[in-house]
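Remarks on the structure that follows.
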Amino acid sequence: MKTIYILSIGKLYRGKNGLYFINKDKKKSPIPLESIKEIFILNKVSVTYNALKLLADRNIPIHFFYENTKKGISYYLGSFLPRQKTKSGLVLVKQVEAYKDIEKRTEIALEIVDAIRYNCIKVLEKYHIDEVKELRKIDVWKMFEESLNDWKDAINIIRGIESNIWNLFYQGLDKILKLYKLERRTRRPPKNEANTIVSFANTLLYGVTLTEIYKTHLDPTISFLHELRDTRYSLALDLSENFKPIITFRILIWLVNQGIIKDTHFVKGLNGVLLNEQGKKLVIKEFNKRLDETIKLKSGLKRSMRWYIKAQAYNLERFLLDGRKFKAFRLIY
């Protein structure tokens, strides 16, 4: 099973023998529905009603992204999610209750943030830089307890701890990146080459996480670390966060330090920097490789990174249903 990425302008429609994509040059390509997990549409593509119905019948999500190269703007637009056949009223009730219960919500959010910290260390530790020592000193739970005076401030305190972790991580990254530097994290639009690689890879990771959540009974609109948003499935933001260091930022380090990605792979707009089609293909290739990479952990499991994304979602579901401790994914060999 694979992911389809559509990078060209065109039309997605249902033909006599299945689903097809036709580009602006009238070149027609069949899309084999029996072998795909999801579709990412990364350009201006019209999708017919019959195509959507066919995808809905096969439970195949589509993720849409908007881009304006002149302005240098690119962002997630929305997703088409077929009716969730695994929907559970009980899980929905439990998820809402956990969101409203500040102590439970805090427990989930702290676990995610500590997993972010741990995975940031795993990415940086072989470079022997000071930021690794600083990240190891951070005790997420202790910092939270020492800062908490009122439970209504709990989530903002956790986000502050998370922000400190990411800032240390970014400082460390800039020491090891050979060419393009983050300098500081910028979004919508990303202001430089490193940031645009990160933003693009993060949108892919968000889409994959949403696809995997869709396979569970969880409601993707109800989150714990991120605030609920009308424009995004915020649980996918929560559950992708601790995978960013080991997927997104390893992609950045590899493409930059191996000299794979170059100035010719970027487009500079009025407000920011974007990847051109060839640049996107390089990121997608490395992203797929990271997702399919099998990792054997201390538990003895040898599974793909995509599998661990789904397993984390199921882990959260079990916590909501029967109170088994929620464990966010950590890269523990």
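Every residue, even glycine, has its Cβ placed from backbone N, Cα and C.
Copied over from Swiss-Prot, here are the features:
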{"type": "BINDING", "residues": "Glu162, His226, Glu241", "note": "Mn(2+) binding site"}
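Same-chain neighbours of the Mn(2+) site beyond Glu162, His226, Glu241, judged by a C-beta within 8 angstroms of the site's C-beta center, are, in sequence order, Ala109, Ile112, Val113, Ile116, Arg159, Leu225, Leu237, Asp238.
With the fewest other Cβ atoms inside 10 Å of its Cβ, the least crowded of the binding-site residues Glu162, Glu241 in this structure is Glu162. When Cβ atoms from all protein chains are considered, those within 10 Å of His226 (Mn(2+) binding site) total 17, not counting its own.
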